[in-house]
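One structure is given here, and the rest of the page talks about it.
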Amino acid sequence: MDLTISNELTGEIYGPIEVSEDMALTDLIALLQADCGFDKTKHDLYYNMDILDSNRTQSLKELGLKTDDLLLIRGKISNSIQTDAATLSDEAFIEQFRQELLNNQMLRSQLILQIPGLNDLVNDPLLFRERLGPLILQRRYGGYNTAMNPFGIPQDEYTRLMANPDDPDNKKRIAELLDQQAIDEQLRNAIEYTPEMFTQVPMLYINIEINNYPVKAFVDTGAQTTIMSTRLAKKTGLSRMIDKRFIGEARGVGTGKIIGRIHQAQVKIETQYIPCSFTVLDTDIDVLIGLDMLKRHLACVDLKENVLRIAEVETSFLSEAEIPKSFQEGLPAPTSVTTSSDKPLTPTKTSSTLPPQPGAVPALAPRTGMGPTPTGRSTAGATTATGRTFPEQTIKQLMDLGFPRDAVVKALKQTNGNAEFAASLLFQ
């Protein structure tokens with residue numbers, strides 16, 4: 001490697017001097033004593049503003065020296081001056097370094113290769129402190145084996161906090177630093193003992209078929225209803241079967257507009273065909289299998305075997321390589337559904353001539369605790385022995401499916417007023 005030596009006492013520059021990177025520092029000192037007028041009793045050798053201990057036996061490579069680096073020969077500093085430098089505040093230390101760069105053209109020429117725009121920064125004290133201050137302070141404290149203070153914060157701040165630890169603001173700051181220490185300790189332990197916690201877990205997908213069209217379905221036990229996208233409804237030919245009377249809003253982490261509902265479609269999982277109803281949303285994911293379908297068919301999510309057991313068949317969850325990356329983005333998370341069927345249905349031109357279909361029951365908006373419907377509704381209701389009132393419109397819709405009024409009211413009572421669950425109970 002090539003090194004340049006600058007003697008600031010005489011103004012002379014030596015080099016580049018070609019030396020081996022494996023040369024010991026003591027050998028380099030001996031070379032400088034012979035050729036550059038270096039005297040260990042009067043001079044110090046500087047590298048990157050740090051004094052190199054002339055008694056070290058480490059190689060130049062181990063000390064971090066590289067080709068084209070600059071070494072400075074300066075006069076020894078008295079102990080009192082060294083003590084003053086050690087007691088400088090962080091801002092004063094940064095300013096001292098800036099002044100050193102202003103007065104030392106050789107050092108500035110070396111650092112400008114590593115710090116673009118250094119000439120402009122040196123001439124602006126405020127910008128210099130803002131841009132290079134953190135790096136200079138890191139260099140100042142980085143040479144110690146342990147942090148200058150237990151919190152690893154600037155020494156000025158630590159001194160201020162410890163000077164009056166009972167001050168409310170200081171006490172709050174100290175508590176924050178202690179909490180951060182605990183968080184950092186937890187992070188280190190987690191990285192060391194449970195690194196798998198930092199890997200991304202693939203979502204649960206299975207292969208299904210709808211109208212002979214293969215689909216990768218997302219299994220979500222946290223979703224209340226099973227969802228199909230409008231795009232897939234068109235591809236599978238089910239868009240004409242969407243009951244648009246069930247327009248509403250899906251609510252979860254966000255909200256989504258419900259286009260309607262497909263009351264029944266055959267879904268093939270492995271060799272088994274099972275009936276399924278879909279809430280149709282304009283979403284990016286094709287199919288989301290929710291809790292309604294999973295509970296109806298007594299599904300079991302077996303994460304140990306990585307399979308889904310449903311309707312007496314078993315299908316494997318897809319591996320991460322089998323899941324398109326686009327599927328991982330923008331997953332809908334509706335957990336509750338509010339439809340316009342809470343209001344009396346208004347027949348449309350396309351639906352007025354159609355008789356009610358089995359299962360065509362409005363999904364009422366979930367209520368906290370599944371409590372009774374407010375009595376202030378415009379439609380009359382049936383009151384049970386417990387004083388619970390059900391909307392007359394809901395009772396009529398269930399009776400239109402061919403069930404007597406007493407059975408409808410009983411089913412609504414058993415399902416806490418949920419019309420969809422009541423219909424499922426009546427059909428059993």
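Every residue number used here counts from 1 along the chain in the order it is shown.
Positions of Cβ are set from backbone N, Cα and C atoms, glycine also.
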Where Swiss-Prot places ubiquitin cross-link when the choices are Lys76, Lys216, Lys257, Lys410: Lys257
Position flagged as ubiquitin cross-link [Swiss-Prot], chosen from Lys171, Lys325: Lys171
For the domain 'Ubiquitin-like' (1-80), the mean pLDDT of the predicted model: 76
C-beta crowding around Lys257 (ubiquitin cross-link), within 10 angstroms: 12
Site of maximum Cβ density within 10 Å, from recorded positions Lys171, Asp220: Asp220
Pairwise CA distance, Lys171 (ubiquitin cross-link) versus Lys257 (ubiquitin cross-link), rounded so that it is a whole Å: 50
Rounded Cα separation (Å) that holds between Asp220 (active site) and Lys257 (ubiquitin cross-link): 19
The domain 'UBA' (389-428), counted residue by residue under DSSP: helix, strand, coil: 27 helix, 3 strand, 10 coil
